[in-house]
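Right, one structure below, let's go through it.
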Amino acid sequence: MNETEKSTHFGYQTVPTDQKTDKVKHVFESVAAKYDLMNDLMSLGIHRCWKDFAITQCRLRTGQRILDLAGGTGDLAKRISPLVGDEGEVVIADINAAMLNVGRRRLLDQGIFRNIQFIQADAEKLPFPNNFFDRIVIGFGLRNVTNQLAALQSMHRVIKPGGFVVILEFSKPTLAPLKAVYDAYSFQLLPRLGKLVAKDEESYRYLVESIRMHPDQEALLSKMTDAGFEDCDYHNLSGGIVAVHRGYKF
């Protein structure tokens, strides 16, 4: 659906564009306390390997300033923090205060705070100067953004020339047998697990539907190019269930 129109998708529902942000906010307020459990259920625990791979694609160095966008509970930031060191900086930005609060508590409990900042921010209108970050990484967050092109353009603006964005997101399986199994798990079992474990079947159903509505690998690549990124590429993980996209700013 054209993101400039007055309606957009919320899972499989069509909703007014100005309502999607609040609806997504409600979902993540509902699941914030059990977000990591949600990721385990949605990925059978493999999300840790996917995140590790995404971080390797960032090619991080000591002293860099990194934006962990839609950083929520800090699961990527805790991997980034030791790689940039005390001379570096990790900014965790998320539109949802409940997710940020969970992340702040968890990282403090793990003793990770020296080079971490938390900022509540909208991905479509990032409150940072031009050419500010060496890298931007966004994990499992882009599909929940109302206007993805606006968010990508905002990311492009705040990345330094020579820097790049890494996007880790659920995508489209490339193997037909895997797709059939994955669909059965996602639509039949996962919402029931959400109801049983998190007492929240509807939020889990939205999360599954949001994955199906997210652009496929090539469509996202094209959207990144439209936003100004160059030399864009992607890696399929787990047969395309997840893809890691990367795009440069020159």
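Any Cβ shown, glycine's included, is placed from N, Cα and C.
From a predicted model like this one, the values you see are computed outputs, not experimental measurements.
Taking the Cβ of Asp122 (S-adenosyl-L-methionine binding site) as reference, residues of its chain lying under 8 Å away and at least six apart in sequence are, in sequence order, Thr21, Ile95. For Thr73, Asp94, Asp122, Ala123, the entry in Swiss-Prot reads S-adenosyl-L-methionine binding site.
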Open item on the list: Same chain only, sequence gap of 6 or more: which residues have a CB within under 8 Å of the CB of Thr73 (S-adenosyl-L-methionine binding site)?
Closed with: Ala32, Tyr35, Asp36, Met99, Val102, Gly103, Arg106
TODO: Quick one: of Asp94, Ala123, which of the binding-site residues has the smallest count of other CB atoms within 10 A?
DONE: Ala123
